[in-house]
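Trainee: According to Swiss-Prot:
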type: BINDING; residues: Asp12, Ser13, Tyr44, Gly45, Asn76, Thr77, Thr186, His187; note: substrate binding site
type: ACT_SITE; residues: Cys75; note: active site, proton donor/acceptor
type: ACT_SITE; residues: Cys185; note: active site, proton donor/acceptor
Amino acid sequence: MSSALAPVGIFDSGVGGLTVARAIIDQLPDEHIIYVGDTGHGPYGPLSIPEVRAHALAIGDDLVGRGVKALVIACNTASAACLRDARERYEVPVVEVILPAVRRAVATTRNGRIGVIGTQATINSHAYQDAFAAARDTEITAVACPRFVDFVERGVTSGRQVLGLAEGYLEPLQRAQVDTLVLGCTHYPLLSGLIQLAMGDNVTLVSSAEETAKEVLRVLTERDLLHPHPDDPRAAGPSRVFEATGDPEAFTRLAARFLGPAVSGVRPVHHVRID
């Protein structure tokens, strides 16, 4: 049985999942977390579903083996590729990023026209389209924005080049007259100002990061796994461990855009292996 004192494990293909980590830290400030960025293999968007599944489950195995009390798949592509496998494989609760965002979008839309943007792999998986299928009177327009992740990973989140790219990607959503847009990749919140500019103020952006953090809070509360309040004698100050399967220094530089100086001393992970 998991302990409330155990950490929450979070992973992504790179730094994008730090938007989820940031939201979890904001909403659950007492929780210990371990974050793994799979920069040695990511981004996952261009990979095949079997490749993504293999990389994601290897990291999941590692985190669960280290005793995390919950596993957060902070990557839309990985959520689409391996959620069912992960929930069958692990005894700890597994939280993903797709359904929380879908619920918020359905509750937010006024005209029933909802847009989704994500990596090519996420859009091709139809994970969002399938998740919206149960919602009545909704019309979904899904668009792949494959180059967005590359810009974010390089730290380029503004300027004419990326704005022009965004306008081209988002034009089908404007034609569809969506009033709600799901940012279906955890990298995309760093482009939210630019995306809002391209879409206009009448379109509401839904961040999977914020909604996923709310789902983590719900799951931990439901299972009596919330970390004790700081006044509780069992409690200790929250520890935040960040690891990368690639270059830890490069990860640290990029991660500063998400969490500022909170990310330091990133540890390289050499023991995550793909069978």
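Note: Cβ is positioned from N, Cα and C throughout, glycine not excepted.
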Trainee: Could you name the residues, excluding Asp12, Ser13, Tyr44, Gly45, Asn76, Thr77, Thr186, His187, of the same chain that surround the substrate site, i.e. Cβ within 8 Å of the Cβ centre of those residues, in sequence order?
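Mentor: The surrounding set, listed in chain order, is Gly14, Gly16, Gly17, Gly42, Pro43, Cys75, Ala78, Thr119, Thr122, Val149, Cys185.
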Trainee: If H, G and I count as helix, E and B as strand, and all else as coil, what does DSSP give for Asp12 (substrate binding site)?
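Mentor: DSSP call for Asp12 (substrate binding site): strand.
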Trainee: What's the number of neighbouring CB atoms sitting within 10 A of the CB on Ser13 (substrate binding site)?
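Mentor: Other Cβ atoms within 10 Å of Ser13 (substrate binding site): 32.
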Trainee: Name the secondary structure element type, per DSSP in three states, that contains Thr186 (substrate binding site).
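Mentor: Thr186 (substrate binding site) sits in coil per DSSP, no helix or strand.
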Trainee: Return the maximum Cα to Cα distance in Å (whole number) over the record's substrate-binding residues: Asp12, Ser13, Tyr44, Gly45, Asn76, Thr77, Thr186, His187.
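Mentor: This binding site's residues have a maximal Cα-Cα distance of 12 Å.
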Trainee: Just counting, how many other CB atoms are there within 10 A of the CB of Thr186 (substrate binding site)?
Mentor: 34
Trainee: Name the secondary structure element type, per DSSP in three states, that contains Thr77 (substrate binding site).
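Mentor: In the DSSP reduction, Thr77 (substrate binding site) maps to helix.
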Trainee: Quick one: give me the count of other CB atoms within 10 A of the CB of Tyr44 (substrate binding site).
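Mentor: The answer is 29 other Cβ atoms.
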